[in-house]
Structure formats: structure tokens, C-alpha cells
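Q: As annotated in TrEMBL:
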TRANSMEM  41-65  transmembrane segment
TRANSMEM  85-113  transmembrane segment
TRANSMEM  125-143  transmembrane segment
TRANSMEM  163-183  transmembrane segment
TRANSMEM  192-212  transmembrane segment
DOMAIN    227-480  domain 'GP-PDE'
TRANSMEM  491-513  transmembrane segment
Amino acid sequence: MADPPGCCSTCATCLLCPYSCQWITAKKQKRKGLRTTKYDCCWFLFLFCVFLFTLAWLYFAIIILNDFHNFNEFIFRQRKLWLDWSLVLLIATAVLISYSSVLLVLALCLQLCGQPLKLHWVHKMLLILTALVVAAAFTGLGIKWAEEWKSARISLQATGPFLHIGIVGGMTLLAWPLASFIYRTHSTGLKVFLLLVFWAVMIALYLAPLGITSPCIMEENQLPPKPALVGHRGAPMLAPENTLMSLHKAVECDVQVFETDVMVSADGVPFLMHDEELTRTTNVQAMFPERAALNSTAFNWTDLQELNAGRWFLERRPFPTVQSLSDDDRDEAAEQRIPSLEQVLEAAKQSNISIMFDLRPENHSDYQNFVNVTLEVILQSGIPLQQVLWLPDGFREDVKQQAPGVQHVYGRKRLEKEEPGLHINLPYQDMSSEEIRQYRQDNISVNLYVVNQPWLFSVLWCSGVSSVTTNACQVLKEMKRPIWLLPSSTYFMIWIVVDCVSFLIIIWAFVLMK
């Protein structure tokens with residue numbers, strides 16, 4: 001196999017060394033008889049598949065970052081170990097995709113230079129290991145976090161048009177080494193097979209936009225109003241969650257609703273707490289080590305007031321934004337305590353912000369008493385009842401009778417012939433863009449949670465959702481419009497231009513390589 005013009009012996013040798021893990025000189029007599037066999041071609045195909053596999057995992061890893069804080073909390077509840085596992089995920093994914101990418105680029109360059117594709121056995125073992133690791137990651141995602149597959153479907157509405165352009169570009173570049181290989185091989189059957197597969201893939205890609213739908217492909221004047229922001233436990237990226245500081249930071253972010261979780265102490269005082277145990281967000285392990293594993297409702301209000309609910313935020317840094325806090329904010333966060341529902345209602349009334357809450361734990365034997373005590377605090381607080389959004393399903397009819405002005409929010413889709421003016425609160429994975437549009441037309445308010453990434457907020461904005469619950473109110477507040485918005489005519493023009501340019505480059509590649 002002769003070196004093509006322009007491929008110097010030094011370049012050829014430098015490409016062979018990392019790929020084959022041995023120093024092979026470029027002199028013809030040293031390489032006499034050294035050819036790319038069918039076995040080598042199979043390994044190249046495996047390398048290409050592993051690259052695509054890791055690329056797909058990289059895409060999923062970026063998508064699930066929106067929900068990764070939930071995973072961190074899950075690991076803490078299971079292992080009592082706090083770590084930002086998203087960094088581990090991204091670093092590991094970057095290593096895998098970088099390794100397979102470098103090998104693939106080397107292989108393609110070797111093919112263009114007419115060099116043999118003799119992949120070293122160490123690379124073969126590492127590629128098999130890479131494939132197994134990524135397969136295990138996908139399997140774990142499917143078993144433990146199946147709803148993220150729905151997130152991937154939604155993400156395609158945000159990235160579909162751009163993925164199409166990127167994939168067409170990648171396949172277009174692949175035409176150069178493919179043309180080189182076809183002109184060098186002597187097997188007519190293999191040539192025909194490769195050409196048929198390649199052009200079948202390209203035709204499918206050229207026509208792919210016919211099946212790509214996105215709510216953000218619309219005219220500017222059709223864009224719905226920006227969704228209202230609901231602070232998930234306040235503003236947890238700027239202050240310790242479920243504290244008065246978090247509420248005040250949420251107000252500064254123009255949040256319209258403070259979403260929280262309420263529990264009732266052993267002596268009947270409703271207070272803010274999400275977890276059933278106090279270990280994650282307080283210093284209960286230091287103050288009451290023998291009782292740290294008890295349910296939050298087992299503590300009386302006097303004991304709860306002794307706990308610090310802010311230092312954990314500075315020590316564990318649940319979000320990267322903690323590092324950028326000012327000294328004053330750090331001092332304030334370090335002094336936060338567990339607030340009672342009465343304190344929060346007073347702060348909400350003064351700030352003119354609504355409050356939406358769950359009452360936990362729903363399976364408690366004294367849950368009806370929890371409902372009654374909570375209602376009593378709400379009615380005595382003097383807050384306008386229309387500012388209270390009631391989420392718990394238990395004893396809802398009793399709540400409607402005792403506090404008829406409270407707004408009820410349902411964690412389900414509407415029933416047939418249900419009255420208009422309904423308020424719905426669901427995970428963002430559970431509603432399609434078509435359902436959101438229909439609910440909007442039927443005057444049903446839809447709040448989706450938890451939405452942190454601008455790409456996801458953009459898709460839901462274009463779909464017409466009423467509001468979103470978010471950890472990142474300071475980010476979404478600054479968005480004046482969706483990340484991208486394309487009129488259908490503009491997208492059609494981009495589609496045609498990209499396909500035509502790609503086709504011309506591929507023809508040029510085959511003509512030039514001949």
C-alpha cells in the first residue's frame with residue numbers, strides 16, 4: 001500500500017505509534033506485507049461504534065444535569081455521604097469520549113495516509129472496557145432513574161435542529177476517509193455495500209427534519225408569555241433551602257411563589273423541612289447524636305430551634321454558586337435556623353409572595369391532626385388565603401370546608417369534564433408540549449418541576465407552560481426570551497442549504513480522492 005502524495009514518512013510514523021503502540025518506520029521495505037486485514041476493519045468498526053456509544057452517553061450526561069441535585073440527595077440519604085456527583089460524571093464521561101475520539105481521529109488519518117490500521121491489543125481491551133462502562137451507565141439509568149429517558153425526549157425538542165446539522169456535518173467529513181478506503185480496496189462487493197449503507201444514512205439524515213418537531217419553531221409574535229417562577233424551597237442556590245434567607249433571596253429573584261415542605265413537631269408546631277431526617281440540612285448529629293436518625297416529627301419545637309440550618313450549606317456547597325456568595329451572605333447563611341410555618345407566612349405576607357407546600361409525611365398515623373394544626377396556623381396568620389396554594393391530597397375536602405379561600409393545586413392531570421381554573425403541579429417529564437398547549441387553551445394553570453437549565457426552560461416557555469419550579473431562579477430571571485426561536489420558513493431554508501452543501505462536499509470528496 002503506497003503512501004499517497006502529501007503524507008510524509010514522519011507523519012505516517014507519528015500516527016502509527018499511538019494507534020499501534022509500536023515504532024514502525026515508514027520505509028517501504030520495513031512495511032512490506034503490512035496490510036489492513038478484515039480483522040483490523042472489524043476493530044475499526046467497533047471503535048466507531050464505541051465512539052458513537054460514548055457520544056450518546058455524553059449527550060445524556062449533559063441532559064440529566066438538570067436533575068442531578070436529586071441524585072446527590074438520594075446518595076446522601078442512602079450513604080450519608082455528600083458529594084457533587086455531577087463532577088464525577090462529567091470527568092469520567094470526558095475521559096471516555098476523549099479517548100475514543102483520539103483513537104478514531106488517528107484511524108481516519110491513517111486511512112487517509114494509506115497506513116495499516118493495526119490497533120494494539122491494549123487499545124482493544126480499553127475499548128471493550130469503555131463499552132462495558134457506558135453500557136452499565138445506561139443500564140443503571142434505566143433501572144434507577146427511568147424518568148430521565150423522558151427528559152431525553154424533551155431535550156430533542158431543544159436540540160433536534162442543531163443535532164441534525166451536526167450529524168450531517170460529521171457524516172459529510174466521514175466521506176473523505178470512506179472515499180479513500182473505497183478507492184484502495186479491491187473487493188467490489190465491499191465497495192457496493194459501503195456505498196449503499198453510507199448513502200442510505202445520508203438520505204435518511206437529509207430527510208430527518210420532516211420528523212423533527214420543536215415548540216420553538218414558531219413566529220416571534222406567537223411566543224407565549226414568560227412562565228412565572230416558583231422557588232423550589234426558596235432560592236437554594238443562593239441560600240440554605242427552606243429558610244427565611246432562602247425566601248428573601250427568592251423574592252429578590254422576582255419569584256412569585258415560594259414552594260416548600262411542612263412538617264409538624266412533636267408538640268404541634270408546623271415547621272419547614274423536606275427530609276424525613278434532619279441530618280442533611282442541620283447539625284442534629286452534633287447537637288443530638290443519639291436522636292439524629294429519628295424522624296423530624298419526633299423532635300419538639302424547643303429542640304428544633306437549637307439546631308443550625310445554614311452551616312451545612314457553606315460546608316457541603318450543594319451548588320457551585322455557594323463559592324460566589326458575598327461575605328455578608330455567608331454570615332447570614334451561617335446563622336439560619338429552622339423556621340416555623342408561622343414565621344414563613346408572616347414573611348410571605350410582607351413580601352406579597354404566595355406559598356405552596358406539601359405536608360409531610362403523608363403516611364403518618366396522626367396526619368389528620370397535622371392538617372388541622374397547619375390550617376389553624378394559616379387562618380391565624382392573617383395572610384390572604386388566595387396566597388396559599390395547598391398541595392396535599394389527604395383530607396382535601398376538609399380543607400375546602402375550613403378554609404374555602406385556599407387555592408388547591410393537584411398533582412395529577414385533569415379528569416374528564418373537570419371545571420376550568422384548575423391548578424396542576426407535575427414533573428416536567430409528565431406533560432408533552434401538545435398537552436401544555438391544550439391545557440392553556442382550556443384555562444388550566446400548569447406548573448412543572450424542577451426546571452433548572454435554560455434549554456429546558458426555553459422549551460417549556462415555547463410550549464406555553466404557566467409556571468416552573470426551579471432551583472436556579474437567579475438564572476431564569478435574566479432570560480428575556482428563549483435560547484432560540486426560529487420561524488418555520490427560516491428553519492426550512494437552513495435545512496435545504498445544509499443538505500445541499502453536504503451533498504456537494506461529498507461528491508467533491510469522492511472526485512478529489514479518486
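Positions of Cβ are set from backbone N, Cα and C atoms, glycine also.
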Q: Restricting to CB pairs under 8 Å, which listed stretch, 41-65, 163-183, 192-212, 491-513, is in contact most with the transmembrane segment (125-143)?
A: 41-65
Q: Could you tell me what the rest of the chain brings near the transmembrane segment (192-212), counting residues at least six beyond its ends with Cβ under 8 Å?
A: 160-161, 164, 167-168, 171, 174-175, 178, 181-182, 491-492, 495, 499, 502-503, 506
Q: What residues elsewhere in the chain lie close to the transmembrane segment (491-513), defined as a C-beta under 8 angstroms and at least 6 residues from its ends?
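A: Those are 161, 164-165, 168-169, 171-172, 175-176, 179-180, 183, 202, 206, 209, 217, in sequence order.
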